[in-house]
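Read through the structure below, which is laid out as structure tokens, and then see the notes.
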């Protein structure tokens, strides 16, 4: 299991009521208030376990010494304190604690189910609640996707005209029942009126063109303005694709409201408006966000998921699969997308439920039939010509183009988004959206390939030319009178219409590349799948037509001579468009397996898996040569989300002590003692610091680790005790042990906080390589990791520390400033690095002889001493 945590915004300072308004913490750093004293005393005997063996280079333990042994992660109360174990906004969940809570809940249900029929029914309900929630999520996702598809098509056609017979019909539906359409002009019927016909009363001429041009721009700006205003006023989280945030949330981060009901409602409405405005964006990515909103909302109906953040993320993983299923009509691809791209923790039962959610969502969408073609997607195609081995060369070249486009787009888009954040331009999102929409509409209208809906463009580019196609791309010179021309001369030379379409496609390609860079990241719902596929489809169709004409005019070349006979229909340009679309999308997102499955489910091109695999793999290799990050990882890093990418390798040789906090310039490490603090002293520590957690030690003299307590839990427990327990005063003793310490008879009632103490915080020694520490954080989902030496706590490593360390290593700087520096001196073991005698207090000496392998040569009678310089200048 992998997860991620990082510094979180601060817990409350003074009271439970002030938690939500606390300022940001620097990190989930441990401790405050007590300076560490490395002096060993008889208190060490209070510990159950001894220190880690000093003879090992590094060691990992599942916890420090504890006051009493326990088999559980947490010491649960019979009556849990309300609020303990919950999380604030912009905090990271504790995966280990959440899984432990779920196991405890499951044990209680199993132990009670034989007591009565009611308890047995409750156990059945609990067991089936997972299937119920994914069923509801699939139903809602499919219904919303169908609604969005129908509304977007209608509003997109509204820019060009209106159906007089039925206002709710789009252009295609309006002409279905007309008996006055012709084969050549099947999209023209008396029922459908353009705006020029309605306003000016004429369908042709310069005045008509200008009026249609003006109305196209008017509707585009109106839709864009309405979308950005709704997002800004009602749901700021509804903007963008949503996939970077979904990945971060699935890794364990809390973003309150991002998957709420207001976000769902506004995103659904504004997604329709944004797509209809003609901006270079798609609805597929935001549909994943919409589906996850549905999953999050339905999970609150089931306590099993509403009260456990880790279990809730299993539902969100299934919801993301349902989102891709309805976005592309690809249920299997949706499951693989959730597994490969967005999910951080994906157990086997989540795989089954994701499959079921994708199935239900696809079934609902198919029942709605939003495109009227009995298919799940608009651009379902079937090819009847096989591909040949020689064609792998242009397919691989399309993969190279896709990788180059992906690398260029990521760098350009991130640079623009960074500039938007750092300049005044980013303070005016409405103006930016209006400006981009205006430029898009003005430039797009003259070109028919940029004027039409992007999904319809992809469908036209994917479709192979046949007797029923009237597209300009199919106006070959041999096409004279229907199907006979195709049968007599399948391999045909291009006519003027094809060459004209090629020039228009080249202009459309340039336009799409430029506008997609500036559109992705606007404060409206904006997906990247469809624009990337459109760019690849345009490039692929151009290459396909070029290869087709090359084979026609030079069929005697050795490249074509063996397999492309005269008169044979050898090349399928639509196939090249499909391969190019997959290559460009792969170059941007760096998806591989899920992308290939999505594309062949999308198009029905099961026979063409090998060309798709070759192009997608090539695009990934080429893109990785310029940077291993996909567009979603790049936006996660740009926004500063706490995300540890499992795909990123850590190959450096730094140790845990070089990354842990505190540094040399930081305040000394401060902790809580297990039984000699008062409530007043504990509150003073909390009020004077902004840390999110505190390690608990035996005493000031011992310094041995007992456990770890979270700031939020301490504050809630104190407030709860004051409300419900009598006798709790400022001078009441606070203890984390099982039994209360011996107190004078006139002392106030002590406060026991053992229930909020994590008795087995994950610890590593100061010699643990960071490669192992990073792997632990990824796979166990830790919030923090304590660094110890011989059982004595030295510091802490949090997710933020690791991310900062990785960023510094990427920038080729020193791993960390000299907060802890490591060197060797030849002074006797009883003396410090300055040659003066040591004090036993504050110091722990690490002495190794050359015979033990710690020396590299020299006098065998001398001992070599390792020193770790502490924050206050003393040595360890």
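Cβ coordinates are placed from backbone N, Cα and C, and glycine is handled just like the others.
All TrEMBL annotations are machine predictions without curation.
Features of the protein shown, as given by TrEMBL:
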type     : residues : note
COMPBIAS : 859-868  : compositional bias 'Acidic residues'
DOMAIN   : 660-726  : domain 'CBS'
DOMAIN   : 757-814  : domain 'CBS'
REGION   : 852-876  : region 'Disordered'
TRANSMEM : 128-148  : transmembrane segment
TRANSMEM : 216-238  : transmembrane segment
TRANSMEM : 258-279  : transmembrane segment
TRANSMEM : 286-303  : transmembrane segment
TRANSMEM : 315-339  : transmembrane segment
TRANSMEM : 388-410  : transmembrane segment
TRANSMEM : 430-449  : transmembrane segment
TRANSMEM : 501-522  : transmembrane segment
TRANSMEM : 534-555  : transmembrane segment
TRANSMEM : 575-600  : transmembrane segment
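Residues 130, 133-134, 137-138, 141-142, 145-146, 246, 249-250, 259, 283-285, 287-292, 294-296, 298-299, 305, 345-346, 350-351, 353-362, 364-365, 375-377, 380, 529, 591, 593-595, 597-599, 601-602 of the same chain, all 6+ positions outside the transmembrane segment (315-339), place their C-beta atoms under 8 angstroms from a C-beta of that stretch. Most Cβ pairs under 8 Å with the transmembrane segment (501-522) belong to 534-555, among the candidate stretches 128-148, 286-303, 388-410, 534-555. Sorting the domain 'CBS' (660-726) by DSSP state (H, G, I as helix; E, B as strand; all else coil) yields 24 helix, 18 strand, 25 coil. Counted over residue pairs 6 or more apart, the CB atoms of the transmembrane segment (216-238) and the transmembrane segment (430-449) come under 8 Å in at least three pairs, which marks the two as touching. For the domain 'CBS' (757-814), residue counts in helix, strand and coil come to 23 helix, 19 strand, 16 coil, using DSSP. When each of 286-303, 388-410, 430-449, 534-555, 575-600 is scored by its Cβ pairs under 8 Å to the transmembrane segment (258-279), the top-ranked stretch turns out to be 286-303.
Beyond the transmembrane segment (534-555), the same-chain residues lying 6 or more positions past its ends with a Cβ under 8 Å from any Cβ of the stretch are 391, 394, 397-398, 401-402, 405, 449, 454, 457-458, 461-462, 473, 491-494, 498, 502, 505-506, 508-509, 512-513, 516, 561, 564-566, 570-585. Averaged across the domain 'CBS' (660-726), pLDDT in this predicted model comes to 86.
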